[in-house]
Structures are given as structure tokens and as C-alpha cells.
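As written in TrEMBL, here are the features:
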TRANSMEM  12-29  transmembrane segment
DOMAIN    49-200  domain 'Peptidase S54 rhomboid'
TRANSMEM  50-73  transmembrane segment
TRANSMEM  93-116  transmembrane segment
TRANSMEM  123-142  transmembrane segment
TRANSMEM  154-175  transmembrane segment
TRANSMEM  182-200  transmembrane segment
TRANSMEM  206-223  transmembrane segment
Amino acid sequence: MGKPLFYEIVEKPATSCIIGICSAIWFYIQKKNIGYSHVGLSYETAIEGHHWRIITSAFSHISVLHLVFNMSALWSLGVVEQLGHMGLGVAYYLQYTLVLVVLSGVLVLGIYHILIQRFKVDYFRRVTAVGYSCVVFGWMTILSVKQPSSKLDLFGFLSLPISFAPFESLIFTSIIVPQASFLGHLSGIIVGYAIAWGLIHGMNNFWAISMLGWIVVIFVFSLKRSGAYDFNFLEIESVTDPSLPSVRFLGNGRTLQMSALPLEGVEVV
């Protein structure tokens, strides 16, 4: 007999919080009748400056089956939080979840860009992706390298060897759910291997908090600039040199002029 649910929640605090957040967002989406086009990530919306969709698409689910599959897999993968003795643990889990969310989203946009611009496959221009699958597939991959003897439990009764789970799940979801984002899942696997093999490393609390801060800043400004949400306390305008954007905080009348270089980098992505 397994442990009571309460004890498992205590042992997987980060996973439990993420599942709670995704479930609450799903409930809100259903209540407000929000669709793929409102929160999903596509190449077309990305080049229009909707960079905030990299975050909203990751935590949003439209179908309850999609939500249940992802959260069931994520719950099983939460064992990473209990592997502190192997150099993993809660901090590692949170730090690299942040990396997986951002880099898998950026990578899938990069793949779309190559397919559209190089191979002229315009179909991918408007393909819209939502769901936490990129991160789930990333953690499947990391765990398959770090602890290949583990099992991935789905829905409480289906158990897969973790060493094959990333590609088994990739093929399974592509067959069972034809509209599943093959490239999105593949992006999660690629970033997962990059983390597991040490190609992406060095994350600690300082870099994670710094990265989170930049994500919040870019999220807010892309929402404002794309017109998706009107922040009444912010106004973006050009001052002195039209090429240098400035940010005005309307509450106190202060104006902050910023270098265009970071924003140019964001626009390219």
C-alpha cells in the first residue's frame, strides 16, 4: 500500500504547486471560455511580439484529457524532488523547470522558423501549441539519464521504463492524439538531454531568481507592447533617440530610458 496522499504532497512540494497552478488555470480557461488562440504559442504570434505566450502556453490546457495526462506524468516525475542525494532535489527541480519552460518554447519557435523560412513549409506559421508537455518530456529525459532504473507511472496503473519513456510517449501521443505537438514534445526531449548531459549547467538560486526576474519583465512589456493587456501604470514611448525605447511609470512621472539591445534580442526570438 502506498503512502497517504498528504505525505506524498509534502515530499513533492514543487510538483504539487505546479499541478495546482495548471489545474487552476484550466478551471479559469473553462469558466471564461478561453481558446487556443488566446493563450497558445505560434510562430505568427511570436513574430508579432507576443513573447508572453511562451509562458502562458506552457501552463495552459484546453482539454481535460490533456491536463490529466500531463499532470499524471508530472506527478510521477516529481520523484526528482526526492533525489537530493544524487544532486537533484527541490532546488534543482525548480531551477531547471524554469530553464525547460523557456528554452523548449524558444527551441520550438526556432524549429518553426527553419521550416518556414528555409523549407517554405508555411503550415507551421499558424500552428498553435499549449500545454505543459514540453516540460514533462524534458523531465522524462533528464530522469532517464540520471536514474534509468526508474518507472514512469501514468493514470495510476500504466507503468513504463523511464529509460524509454521519452520516445515511447512521443510515439504514443502522436498516434493516439494526432493533434499533439510532435515538435513541441521533441523540443522538450532535446533540452532535457542538454541538461542531463551537462551541456546546460551551472544553475543556482542566484541565476534562477535573475532569470525569473527577466522573464517577468519581458512578460509584462510584451503584454503591453502587443496590446494584449493594458497596464495603466506603464507607458512605452520614444525619447530623444527614436531607436531607444523608454518606460514611463505614470504614477510618479518618472521616465526610464533603456538600451535597445536587450529588446532587439527578444524581438529576434
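Note: Cβ is positioned from N, Cα and C throughout, glycine not excepted.
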In the same chain, residues at least 6 away from the ends of the transmembrane segment (182-200) whose Cβ sits under 8 Å of its Cβ atoms read 96, 99-100, 103-105, 107-108, 111-112, 124, 129, 131, 133-142, 144-146, 166-167, 169-170, 173-174
Long-range Cβ contacts under 8 Å made by the transmembrane segment (12-29), restricted to residues 6 or more beyond its ends, are 39, 59-62, 64, 67, 70-71, 74-75, 77-79, 81-82, 90, 93-94, 97, 132
Sequence-distant contacts of the transmembrane segment (93-116), meaning Cβ under 8 Å and at least 6 residues beyond its ends, amount to 14-15, 18, 41, 43, 46, 54-55, 57-58, 78, 80-81, 122, 124-125, 127, 129, 134-135, 138-139, 142, 181, 183-184, 187-188, 190-192, 194-195, 200, 203-205, 207-208, 211-212, 215, 269
Sequence-distant contacts of the transmembrane segment (123-142), meaning Cβ under 8 Å and at least 6 residues beyond its ends, amount to 18, 22, 36-37, 39-45, 57-62, 66, 70-71, 73-74, 77, 80, 96-97, 100-101, 104-105, 108, 112, 115-116, 152, 162, 165-166, 169-170, 173, 180-181, 183-189, 191-193, 195-196
